[in-house]
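Colleague: Per Swiss-Prot, region 'Disordered' is recorded for 23-57, 71-166, 249-288. For 26-35, 48-57, the entry in Swiss-Prot reads compositional bias 'Basic and acidic residues'. Per Swiss-Prot, compositional bias 'Pro residues' is recorded for 97-106. Residues or ranges marked as compositional bias 'Low complexity' in Swiss-Prot: 107-124, 266-288. The zinc finger feature in Swiss-Prot is assigned to 167-191, 197-221, 227-249; the stated evidence is sequence analysis. Here Swiss-Prot flags Ser268, Ser270, Ser279, Ser283, Ser287 as phosphoserine.
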Amino acid sequence: MAAAAYVDHFAAECLVSMSSRAVVHGPREGPESRPEGAAVAATPTLPRVEERRDGKDSASLFVVARILADLNQQAPAPAPAERREGAAARKARTPCRLPPPAPEPTSPGAEGAAAAPPSPAWSEPEPEAGLEPEREPGPAGSGEPGLRQRVRRGRSRADLESPQRKHKCHYAGCEKVYGKSSHLKAHLRTHTGERPFACSWQDCNKKFARSDELARHYRTHTGEKKFSCPICEKRFMRSDHLTKHARRHANFHPGMLQRRGGGSRTGSLSDYSRSDASSPTISPASSP
């Protein structure tokens with residue numbers, strides 16, 4: 001408001017100063033020093049100068065009048081004090097909502113209902129029917145590989161401690177547990193040194209603790225090479241030798257060995273297995 005009043009006052013002063021024209025007097029000279037021809041020639045030019053000044057003054061007055069009209073059309077912004085007063089007035093007009101009073105218990109059964117606090121008017125709205133609240137994804141549903149590995153490790157440890165694996169080694173310092181008694185029996189031979197599987201090849205007196213070890217050894221006598229490379233068709237006696245060889249090829253993929261599995265692949269899993277599980281006894285006489 002003060003700025004607008006100052007601008008109006010300044011514009012009014014400009015109008016007053018422009019309306020009162022200053023009279024310009026020429027230099028005073030004696031009548032003797034000025035020739036008559038010069039005085040006569042100067043008199044016609046005075047009205048032209050006055051006309052130019054009148055035109056300039058009227059143009060400037062018109063510009064100032066337009067400025068004043070524009071200022072009057074613009075509404076002044078309210079002061080901060082007026083804004084606070086208006087906000088306080090609006091706040092005083094709006095009624096304050098108070099929560100309803102708690103009903104007084106009239107019977108012993110109503111005391112439990114009265115113990116619950118009343119729901120205020122500003123409580124959060126309940127979710128609509130058919131809409132479930134968002135749930136944070138657990139570690140099992142996350143897509144991070146690190147979390148998946150942790151979950152798998154936790155599951156494997158839980159499987160080891162599960163009651164299904166009840167066949168435990170009774171030797172001191174050995175905490176291995178197996179799900180089948182045959183697996184435990186094969187493991188106990190590592191402690192006792194028992195080797196019930198003997199080679200029946202002529203002049204070969206080797207014995208083994210597991211039947212798969214005997215079958216692997218027997219192929220050294222027969223020369224059987226049933227594990228063939230899927231790329232170069234080389235053959236090997238043991239599946240682990242085939243795997244090492246196949247990895248040297250540039251176009252090798254682990255799925256190649258799995259596709260060519262068949263019956264021979266399933267029977268050769270014990271060749272490179274590190275488990276203590278015992279496989280069915282293979283009679284050397286049945287092999288070619």
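Even glycines carry a Cβ here, placed using N, Cα and C.
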Colleague: Within the zinc finger (227-249), count helix residues (DSSP H, G, I), strand residues (E, B) and coil residues, in that order.
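Modeller: Helix, strand, coil within the zinc finger (227-249): 8 helix, 4 strand, 11 coil.
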Colleague: Need one number: mean pLDDT over the zinc finger (227-249).
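Modeller: For the zinc finger (227-249), the model's average pLDDT rounds to 88.
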Colleague: Which residue counts does DSSP yield for the zinc finger (197-221) in the helix, strand and coil classes, in that order?
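Modeller: Looking at the zinc finger (197-221) with DSSP, the answer is 11 helix, 4 strand, 10 coil.
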